[in-house]
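These come from TrEMBL:
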type	residues	note
DOMAIN	17-83	domain 'YCII-related'
Amino acid sequence: MKKYIGSLKEKTPNLLTEELLTAHVSHLQYLEQTGVLLLCGPLKDSDQAFQLLQAESLLEAQLLFFSDPFIQNGYYRNCTIHELIEANPSNHFLLSDSTVTNHL
């Protein structure tokens, strides 16, 4: 499966309610239980948050990411998702990946 990074920016704090927070957490629990959500959380020094998802396609990742109640209800106004090219020891941290090295 491919991995995707979802970025959530530009909070609207006055929209946060206990009901919205509960719906957001329920959504995250669903994604985690179905093996889609690998990691998520807010940044300590910013009002941004991120979600690391795995899915078969960008379309699937988009559907799951943008169905988050925080996004659906405008709590975060600027949300994007992109495919991650994972760098790790098994691929020599992309040292021999031409799609990466051609952009150096």
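For all residues, glycine too, the Cβ spot is worked out from N, Cα and C.
Predicted automatically and left uncurated, TrEMBL annotations should be read as such.
Remember, it's a predicted structure, so these values are computed and weren't measured experimentally.
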Summarise the model confidence on the domain 'YCII-related' (17-83) as a single mean pLDDT, whole number.
98
The domain 'YCII-related' (17-83): DSSP-derived helix, strand, coil residue counts:
29 helix, 21 strand, 17 coil
